[in-house]
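Annotation comment: TrEMBL describes 1-21 as signal peptide. According to TrEMBL, the feature transmembrane segment maps to 219-242, 288-318, 324-348, 360-382, 394-421, 442-469, 481-507, 519-539, 551-579.
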């Protein structure tokens, strides 16, 4: 094994590991030390604008000690977490009464200004105890007699910890004892710990973080029912096209034997619609390399989305920091063979010659675009000294994961795909000279069909997008992955049906450029999601500042890019199957 491969595999193993606390069994003996980790601070209205806990001038319990970090997995770091041991003296089932001092400090003018700005900006902080998150605000503002905002910092933390036998179940934090922030004030930070027995089992300790009234609202169930009815309508429409509209043509062509080819050609000359383009419908599309890469990557992402959602349902990944993101990255690398196979098959079937270019673009299209966006965001985060900045070592881990796992698997999949589909096998022979495309009404033009194609798929996921955006940007834990799996399946079915109908209308207009149109028709769903994200940003959030705006639209762009590739690939594959089906039953050669 080469050294580089060893490094890559070690990076993969390391990325799968969690924080130190995650490796324990969460069991404590009486009087055993319980570590309280401080994580991050930031403005409440800007969820991704987070900083190291000690970026605020809090004093430390042991200032001479080197900070003890709990470095987590790859996903945890990418989510902007940096756990540092607070060194609070907390022991299992041992109460700390009164106001046990942590440390003291005198506020200089600079430190007072930092705390004042943080409190006015509604800064909150996050702590962890036994993998349970704890939140509180830095302080509060109170208006004086003249109406000015006076900043008060909370100097006391009261921990109310519930336990069941030898395990911690719940941790509640009450921050109080406000002190006016001004230069020259001496601050003494204190804490207290109270232990309370509970009968809640360990397996249900995370349920208190789940907002059942929000995610299981009637509107959520109604949206699923509405989307299901949309599926029934569209599948019925496709069935009508396949069984009624095309049945007469199939019946007539089936009666024609090889001796009646002249009669067939005469009938075709008098006809109009999809039958007239049988000699051009399987002509290779323009920009074949790019389309092959898009279809292959989209098919891989579709399988990846279904797989990660299924894994999350089976394993409750949402309960652990960064686990879903880590699973997504690792599973993307492992499913690269699927993207390579679909891309290579499609490219070979269309008589493509530059298969290496197609493979390279397939392997690098989605990771390259995401890396470009992430590079810009990471640069911004570094300038702001935010925890959202990813350390160089973790960037290298992702690059090695792509280089030694994703890229080789994509190459293998491409080779298999092109060898199995190296010879085009179309139902109709392609003419040497392309036929002219007649001018049709405006609503039958590819641009209009493309723009309209994403409306119904977006309508099927509109409500779910609200829940996803709210959970990601408003501090709610998304846990209804069963809903998400059902919505993803509905989206894929609706996308396939809409693309089939749109392709039929396009071919009836004697326009045989259906390949890119079908991909764009389905992929335009992502455009409507992005437009909705703008509406959500303006009317549903209170985000402010250049940093948060860049991260919001940067993350949303990655989401829409992946969604566009998924929907585009599913739509194109459905349209390709439809076109093959209708022309297979027509004797046109």
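The backbone N, Cα and C atoms fix where each Cβ goes, and this holds for glycine too.
Contact between the transmembrane segment (394-421) and the transmembrane segment (442-469) is absent: fewer than three CB pairs lie under 8 Å, with pairs separated by 6 or more positions in sequence. Per-stretch counts of Cβ pairs under 8 Å to the transmembrane segment (360-382) identify 288-318 as the leading one among 288-318, 324-348, 442-469, 519-539. When Cβ-Cβ distances under 8 Å to the transmembrane segment (519-539) are tallied for each of 288-318, 324-348, 442-469, 481-507, the top count falls to 442-469.
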